[in-house]
Number of protein chains: 2
Amino acid sequence: MINEEQQKKDERYMQMALDEAHLALEAGEIPIGAVVVCKDRVVSRAHNLTETLCDVTAHAEMQAITAAANTLGGKYLTECTLYVTVEPCTMCAGAIGWAQIPRIVYGAPDDKRGYHLLAPHAFHPKAQVTQGVLEDECRELMQNFFKAKR
Amino acid sequence: MINEEQQKKDERYMQMALDEAHLALEAGEIPIGAVVVCKDRVVSRAHNLTETLCDVTAHAEMQAITAAANTLGGKYLTECTLYVTVEPCTMCAGAIGWAQIPRIVYGAPDDKRGYHLLAPHAFHPKAQVTQGVLEDECRELMQNFFKAKR
């Protein structure tokens, strides 16, 4: 059960992830953003850059994990929470598992490419997952992007 | 069915991946190497650098995929084969799927962290997988590394 204070914090950090997603959108990228928080301190923020970098591995979560490890000076993010606007894919879920991130918060589900479907046991077995934070905003951003592409 | 010529080629490219794995070993890294080949041309080689870069995402396959996309100037590696000394993990399998790599050749299986167990449908549905090329050499390198660590 998440208390009201935690809920407010989650929304604040998810809004930061959404701000990152907007930066992706402005760059012509699929609008997904991520933020890593360690003890109430933002240690990294990133957005999807697969087109810009010509690199399928440049998802928001991957970059946020790499940057957080750099900031903290250790590759295991065992005291961190990852906020991401859309449910992580198989690749990102695998990276989240390797980094031993104990809490993952995401906005909108991804019923096609989400880890739930393709890699449901990728996270650390004790990891806590919270979904649906600012879900409507996260989903709308994606839907508008794909509508405009058609 | 793989013919003799293809088998020889597979062994030659896997030997290159093994050479990369040896470079990882010399750097104190878990000894895994990878090579991406496009139409009989090596477009990238890489080895595990998770310790050196302090980054859980720096697996051999991830770096080989990023580098191959750079070399080829496109992020989809639809005419490439990935050679890797050990069965890819969930994260790398996800990346291989995103890159739409049509053929994956690996040496030794990984019964704990391999994609077979945790993300069996991560590759492109039409991807071909060949396992067991130079399997003994690939496995021994890993076993010796972990024995020396104890």
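Each residue, glycine too, has its Cβ placed from N, Cα and C.
Keep in mind the model is a prediction, meaning the values are calculated, not measured.
According to TrEMBL, the feature active site, proton donor maps to B:E61. In sequence order, B:A34, B:A46, B:L82, B:V84, B:P88, B:C92, B:A95, B:I96 are the residues of the chain that are 6 or more apart from B:E61 (active site, proton donor) and have a CB within less than 8 Å of its CB.
The number of other Cβ atoms within 10 Å of the Cβ belonging to B:H59 (Zn(2+) binding site), over all protein chains shown, comes to 29. Among the features that TrEMBL reports, Zn(2+) binding site is placed at B:H59, B:C89, B:C92.
Annotated domain 'CMP/dCMP-type deaminase' per TrEMBL: B:8-126, in sequence order. Residue counts for the domain 'CMP/dCMP-type deaminase' (B:8-126) by DSSP state, with H, G and I taken as helix and E and B as strand, are 45 helix, 28 strand, 46 coil.
When the neighbouring Cβ atoms lying within 10 Å are counted for each of the binding-site residues (B:C89, B:C92), the highest count belongs to B:C92.
Proximity to chain A (CB-CB distance below 8 Å) holds for B:C89, B:C92 among the recorded positions B:E61, B:C89, B:C92.
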